[in-house]
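K.L.:
Dropping the structure in here first, questions after.
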Amino acid sequence: MAYAYLFKYIIIGDTGVGKSCLLLQFTDKRFQPVHDLTIGVEFGARMITIDGKQIKLQIWDTAGQESFRSITRSYYRGAAGALLVYDITRRDTFNHLTTWLEDARQHSNSNMVIMLIGNKSDLESRREVKKEEGEAFAREHGLIFMETSAKTASNVEEAFINTAKEIYEKIQEGVFDINNEANGIKIGPQHGATNATHAGNQGGQQAGGGCC
């Protein structure tokens, strides 16, 4: 289907925080509780609508293991948006955010939009990281912040779409050079069209994989 823009995303964070589950919930609207670990990088895509324009999201789901970190780094370079995910029930995944963020900012373009996601909000009784802590980290580092549940789908749609809205606003403001695909943005065949059909509910294809 024709689109006005293509935005490339990367999903990063420790193993087991639910990165693959978030992607699967967004692209296929389903939750798969048992997964193999993601090996290297997997891929998903979906069309959304922003400001009457079709936007294709091309989403790269990365492995959280240290042994795959060099592979992950190579995907930062062509990303317009990053979803940095931690698990609200595991304090260590929150403590590692600074390392992930430093890595992302070192290897990406300076305008990349980063959404901080506290996942597994359905497991409130096992919470180790307060929502206020996530909000404070996001404020300190200039990130967008949301808590999500890949299991119940709470805020999953919003996390992906709000990231896209932020990228779109930066395009309108002239922050992104849309002629440079290294910024993670590609102009599509529908660019400039005024009458876009709504495809916000259209799913994409996601390779099978782990919730890592």
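Note that Cβ sites are derived from N, Cα and C of the backbone, with glycine treated the same way.
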K.L.:
Out of 37-42, 85-90, 115-120, which range is noted as motif 'Switch 1' by Swiss-Prot?
P.N.:
37-42
K.L.:
Who are the long-range neighbours of the region 'Required for interaction with PRKCI' (2-19) in its own chain, taking Cβ under 8 Å and residues 6 or more past its ends?
P.N.:
37-38, 47, 53-65, 72, 75-76, 78-87, 90, 92-93, 96-97, 100, 103-104, 117, 119-120, 150, 160, 163-164, 167-168, 171, 178, 184-193, 196, 211-212
K.L.:
Give me the DSSP three-state residue breakdown of the region 'Required for interaction with PRKCI' (2-19), ordered helix, strand, coil.
P.N.:
1 helix, 9 strand, 8 coil
K.L.:
Just give me the nearest neighbour of A2 (N-acetylalanine) among the binding-site residues G16, G18, D61, N119, K151, Cα to Cα.
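P.N.:
Minimum Cα distance from A2 (N-acetylalanine) across G16, G18, D61, N119, K151 lands on D61.
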K.L.:
Could you tell me which of these binding-site residues, G16, G18, has the greatest number of Cβ atoms within 10 Å of its own Cβ?
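P.N.:
Counting Cβ neighbours within 10 Å, the top one is G18.
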K.L.:
Roughly where does the motif 'Switch 2' (63-72) sit in mean pLDDT, to the nearest integer?
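P.N.:
Mean pLDDT, the motif 'Switch 2' (63-72): 56.
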